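J.: Please find one structure pasted underneath; my questions will follow.
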Amino acid sequence: MEPATFVLFGATGDLARRKIYPALYNLFVDGKLPQPFSAFGLGRREWTDESFQANVEQSIRQFSRRAANDEASLKSFLRAFRYHVLDIGRKEDYASLLERVQVREDELHMAPNRMFYLSVGPEYFEPIAANIQESGLGSSNGWKRLVIEKPFGHDLQSARELNRKLSQSFDEDEVFRIDHYLGKAMVQKLESLQQSNPVFQALWTNRYIANVQISAIETVGVEERAGYYDHVGAIKDMFQNHMLQMLMMAAIHLPHDSSSDKVRFKKKKVIEALSPLQKHEIGTNVIRGQYKEGNLKGKPVAGYLSEPGIPSTSMNDTFIAARLHIENNYWRGVPFYIRTGKRTNEKSTRIVIEFKDPLKPSSQADDEQIAPNLLVIDIGPRESITLRINEKDPVSGKFKAVSIPLYESQGDVPEAYENLIFDALHGDATFFAHWDEVELSWQWVQPVLDAFADNQVPLHRYAAGSYGPSASDALLAQDGYHWWFDEKIEQAETSGNPSESKGEQYAYNANH
Ligand code: BG6
């Protein structure tokens, strides 16, 4: 890997402490950092190199997935770090930073390759990018890269505006837009699962698949993020980025040679093919919810409107469920259901591929139903792939569903930020969001935002500790489906019939 200088804006912030330093440290331990490697942390606080290094050390001790037991190795890692006081708007600070970066590059005899990581609020992206360019920090004989976090804009127009401004200082292939879901090992596996296994490739179409369910639900509420969250809601916080990225990753059909450009091109094809919702269709295809007080794992929890910093009149969404259709030959007629919400009963990110109903064996009694096959991809916190099939009990002669584990993570895998920082240092943009994907995502979401703003979509209150509003269940029930979650899968395995097992009113439609 080419030598590189890592320049971190927002070095004293929470993301840096929790994710970025531990990620760099683990890359270092694995021998995956460039050699030589130099790092500059930037912030307004008057820290010295020493106090900065002490902070980095503390963050590693607190948050690294691997304990830093080897003192000598930790010290050698920390020696790469320098601190520079920088006010984002002060041009002199960029000039003095450039001098120090160059001195360090000379000391280490390294090429001036520089990666600028913006771990700061989105309002600072544009001025920082412009100042990097103007100061000369970005115009060296090496490469330059800009790594930015979400949110990329707050609607279609602001995203376009931001992109226009950034592109004055950085070319598209120099911009690495982080969506940390793309850094998750299991999301990355979606690419290889299908590409390297013809058996899955063959099944990846509307001929065999009945529906696809993508959910990312969490037990946490708004926490201390009221100021941010109450303006964005689940639709901008999770849906426009993480959920649509997972949809693209789940629905791509990859060629054998999947270079970064090809993967991103194929993802773009998926999102381009998403059917836009017309105004009158939004209310029937998008469900929005907000949690009220409830019980979570036996403990009473407050409703969203009673959370600190949330106005008691807030109409913000903490839950979104939606039905989407991809208009191409692979997926025509297959609903993709997306669901994301806070303060639900469990923390689970998973993709469930529900296959079309099996033919009924002639030996089977008329009242006996065979449950659909499922491919369950658990993205987190559990990381596994399971295939649910039906088998006949030799004694009773009855069919029952059994889950066969296909893959189970062995634990201690690199965290999303490790994967992403490593890729960015390498210049591999496969798992970063291209501008086209971001723009097309906003394009799909914008009419929904407009409908929310016009109050055309009812806000359903759901009890904290539930799986969201019942309207989200009804969305699938209209099509004869239901959300698959653990309890349901297990019960289906015992009884062979998911609808009867829970005693719920899901119309389990054997002809679907
Ligand atoms: C972040 C959102 O991007 O993703 C948070 O801003 C959310 O609201 C988080 O909690 C979920 O990420 P993960 O990796 O815990 O599923």
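Every residue, even glycine, has its Cβ placed from backbone N, Cα and C.
Automatic prediction, not curation, is the source of TrEMBL annotations.
Below are the features I grabbed from TrEMBL:
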| type | residues | note |
| --- | --- | --- |
| ACT_SITE | H242 | active site, proton acceptor |
| BINDING | G10, A11, T12, G13, D14, L15, A16, R17, R44, D87, I88, K150 | NADP(+) binding site |
| BINDING | H180, K184, E218, D237, K342, K347 | substrate binding site |
| DOMAIN | 7-188 | domain 'Glucose-6-phosphate dehydrogenase NAD-binding' |
| DOMAIN | 193-484 | domain 'Glucose-6-phosphate dehydrogenase C-terminal' |
| REGION | 492-512 | region 'Disordered' |
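For each listed feature, how buried is it and what is near it?
T.: The Cβ of H242 (active site, proton acceptor) lies under 8 Å from the Cβ of D179, H180, Y181, A216, T340, each on the same chain and at least six residues away in sequence.
Around the Cβ of D14 (NADP(+) binding site), the number of neighbouring Cβ atoms within 10 Å comes to 10.
In the three-state DSSP scheme, D237 (substrate binding site) falls into the helix class.
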J.: Within a 10 Å radius of its Cβ, which of these binding-site residues (H180, K342, K347) has the fewest neighbouring Cβ atoms?
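T.: It is K347 that, of the binding-site residues H180, K342, K347, has the fewest other Cβ atoms within 10 Å.
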J.: Cα-Cα, whole number of Å: K347 (substrate binding site) versus G10 (NADP(+) binding site)?
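T.: Cα to Cα, K347 (substrate binding site) and G10 (NADP(+) binding site) are separated by 29 Å.
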J.: Which one is it, among the binding-site residues K184, E218, D237, K342, that lies nearest to R44 (NADP(+) binding site) by Cα separation?
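T.: Of the binding-site residues K184, E218, D237, K342, D237 has its Cα closest to that of R44 (NADP(+) binding site).
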J.: Scan G10, D14, R44, K347 for binding-site residues whose C-beta lands under 6 Å from an atom of ligand 1 and note them, or write none.
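T.: Cβ under 6 Å from ligand 1: none.
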J.: How big is the Cα-to-Cα gap, in Å, between T12 (NADP(+) binding site) and E218 (substrate binding site)?
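T.: Pair distance, Cα basis, whole Å: 27 Å.
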J.: DSSP secondary structure for T12 (NADP(+) binding site), reduced to helix/strand/coil, please.
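T.: Coil, per DSSP.
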